[in-house]
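I grabbed these lines from Swiss-Prot:
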{"type": "REGION", "residues": "1-22", "note": "region 'Disordered'"}
{"type": "COILED", "residues": "30-67", "note": "coiled coil"}
{"type": "REGION", "residues": "62-109", "note": "region 'Disordered'"}
{"type": "COMPBIAS", "residues": "62-76", "note": "compositional bias 'Low complexity'"}
{"type": "MOD_RES", "residues": "T74", "note": "phosphothreonine"}
{"type": "COMPBIAS", "residues": "94-105", "note": "compositional bias 'Low complexity'"}
{"type": "COILED", "residues": "139-206", "note": "coiled coil"}
{"type": "REGION", "residues": "243-272", "note": "region 'Disordered'"}
Amino acid sequence: MPLTPADVHNVAFSKPPIGKRGYNEDEVDAFLDLVENELTRLIEENADLRQRVAELDQELAAARSGAGASSQATSSIPLYEPEPEPAPAPPQPVYEAPAQPAAPQSEDTAVRAARVLSLAQDTADRLTSTAKAEADKLLSDARAQAEAMVSDARQTAETTVSEARQRADAMLADAQTRSEAQLRQAQEKADALQADAERKHSEIMGTINQQRTVLEGRLEQLRTFEREYRTRLKTYLESQLEELGQRGSAAPVDSSANSDASGFGQFNRGNN
């Protein structure tokens, strides 16, 4: 059964028999308060890291599934607001856990990646649509001019008709060439934007995966520290209780403070 802050808070030691040496109650209570505060902080830090790993998993899944979504769907993703760090525990003589790294703004990077992809897609569609509209207009104008010129040429002479048809064919060929060139340029721009957006998306997702790996390693370190901390605390308390029960009544009572300090120093050295 895991040790909880409530267990440390509610622990009670029986007083030694008359004539037996015992620890100072105030010092024992003060030490237990330090243990309770540190254990509470470790549990809260562990829970916070679990929550951040879960949030990174959700952000990674959302970024993968929303890579081709519209800008309206992308704007509905909530921005990540980091939770405040827990209040630091009071100074204590036991081993202190390593400092927690700052929470990365991982959700902002996922939102930016999705928006870049959406913007690239919108720009490509807009360029393609504009180029097609211009090409259709050029073809329509060219056909109208050609028909008018052919009608006028028929009324004048066969020579004028032949010349008009040649000019009409030339205009149609030029319009077709220009429309194909504009479509090709628009497609090249769209492909370049898409490739750049995919590259940025891959870089951002790689950063998110690295941050997730770091947080998972940090979580495992905290788990190991918690297990070692509980084991050392339990061993220390059991050894002190056993030593207290084995000591005889011949030693002076006022030497308890020195033995407390000695045992407490050994416990600190073992943790360090």
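For all residues, glycine too, the Cβ spot is worked out from N, Cα and C.
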Tell me the residue counts in helix, strand and coil for the region 'Disordered' (1-22), as DSSP assigns them.
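DSSP composition of the region 'Disordered' (1-22): 6 helix, 0 strand, 16 coil.
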What mean pLDDT score does the coiled coil (30-67) have in the model?
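Reported value for the coiled coil (30-67) is a mean pLDDT of 86.
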